[in-house]
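A short worksheet on the structure shown next.
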Amino acid sequence: MKAAQGEPIVQINQLNKFYGNFHVLKEVDLTVTRGEVLVIVGASGSGKSTLIRCVNGLEEYQSGTLEVDGFLMPRAEEREFGEVKGLREIRRGVGMVFQQFNLFPHMTVLQNITLGPMRVRRKSRAEAEENAMRLLDRVGLRDQALKYPGALSGGQQQRVAIARSLAMEPHLMLFDEPTSALDPEMVGEVLDVMRELAREGMTMMIVTHEMGFAREVGDRVIYVDQGRITESGTPAEFFDNPKNERTRTFLSRVLKH
Amino acid sequence: MSPMQKKIRWLHVNLFAKPADALLTLVVVPLLLWAVWAFLSWALTAADWSVVFNSLKVLMTGTFPSSKLWLVWIVAGMIAALAGLATSASIPFGRTAAVIAVLCYLVLVLAIFGAAHIAPQALLVLAAFHAAWLIGLRVPVLRENLAPIAFGTLIAVLVILSPVGPSNWGGLLLSILITLTAALLTIPLGILLAFGRQSKIASLRALCTGYIEVMRSVPLILVVFCIWVAFPLVLPKFPIPDVVRGLIGFTLFYSAYAAEFIRSGLQSVAKGQTEAAESLGLSDFDLKRIVILPQALRVAVPGLVGNILDIFNYAPLVFIIGLTDFLRAGQMILANPENSARTYEIYVFMFLTYFVVGSIITFQARRLEQKLNKGVRK
């Protein structure tokens, strides 16, 4: 396993998020360094998905600061008044993979992957398609390029979704429970692709329930409980010697089966 | 099972499965047979179809000058070609289509002997339809750009007919022009209204919501009449022909309905689609145009086609502003005392025409829907 090192790419400071009166994220402090694989675990409803959705601005936050790639993410109030510059810059460098894949069903696999590079990065079709084919090769789906997402299995769709994000050449990849909607026999193929990405040095923030994967691939694991980060450590520390009582209860529940 | 046994079984299952079914069959089937026989015996012996034949020009074009009828034929050919191209987007040219085509051509060729002044032109119009259908099947670029081609055709049609003056447009020609124009304009207007209704800008949202709700809560005939009355008041210096005012009224009214169909389409697109597009960094405009709208329109197609059918079927209401559409033209023919005994013939002819056009629209819509649903599962 490689060491977590290098300069910070994500810096979150005293971040607070509310849904109306409900305090979802509470004074969150978190730094992710370049090349690091950070795994976020926690019970459902703890705020772990909300946390990584804040990182690319799919969720707004009310106070604190959130900086990605040196760009400051505008707060909810600033966004209401049309301040979106930081948001746009951040999204250009951050890829996101969703639990439900969210491929565009009316476009072929190839069109799904080339859309971003062509419309956002203004690449030529030829260049975008060539790169897309290379990415499809990498996720083992070269022969599916002209199919529609509906014709693919869940695992295949998720690998296309990963390729679609990678096509934007992100500095940071966010994974929001990427295997939770998959049939068990398809989880492995998606985790393999993610493992490969980690090996190549991609910075990743992963929300997952795959504890074996977290232990194997993660550089650091954090536990989110009721909107706070209550535990943080290397996989070895986290799984073998958790400091917090609630982490221990959680681990005993999820590791039992 | 032999074919005979299969037929008997089909009858058994579909018509005589239960005692109640059998009873219903024994009442309904003879009644239907009697109705068909009565109609056919009237249509083939008592009816005098020459009145329809002699008034075809008025029924089809109203007061359009006879010397300029060739313009109408050109327009008919263009609209037929557009219809052929639209057909190619959803229906392959199969054996049934070929058989129907051959039958139509045979009838038209035979008709040359009886009606040499129209049959050859009709033949060419039909040929334009089939040619466009077959070309569309072979050249995907054409059928994929149906919308711009349709708009181009509409503009060309209006330009070709304009020297004659809109006040002379009438009959089925007018009904079809109203339908085509309103159908093509209501969709982009509906898209703008639907997005406007969801806009983050409160004033725009209020404006679009207000417009849609007002239009949906008043009768069509009132809107058409108000527009007709309002224009000379607002723009006394620029006299706008009745037909154009009628077209504007229909378009403004039905775009509110189109907007609601499109809005329900927009709402059916999963939120994850927006999130995925945003994550890729797509601009708001690209996100709506490339990701959201195509998916929304798929859902909106049945409603929008129903809208087009409504426009066609309500087009006769333009009589309120003094226009002579297909239905009104028929009534004018009957107003002539010479034809007073031929009421049924004229109405049967109009009934069949509306039925044929309407069922072609619904048939194509169903095929289009099936095609859009194929291979696209969320």
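Including glycine, each Cβ sits where the backbone N, Cα and C put it.
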* Taking B:32-49, B:122-139 as the choices, which stretch does TrEMBL tie to transmembrane segment? -> B:122-139
* For the transmembrane segment (B:70-89) and the transmembrane segment (B:146-165), does the number of C-beta pairs under 8 Å, pairs 6 or more apart in sequence, reach 3 or more? -> yes
* Structure fact -> Lying 6 or more residues past either end of the transmembrane segment (B:96-116) yet within Cβ distance under 8 Å of it, the residues of that chain are 53, 122-123, 126, 130
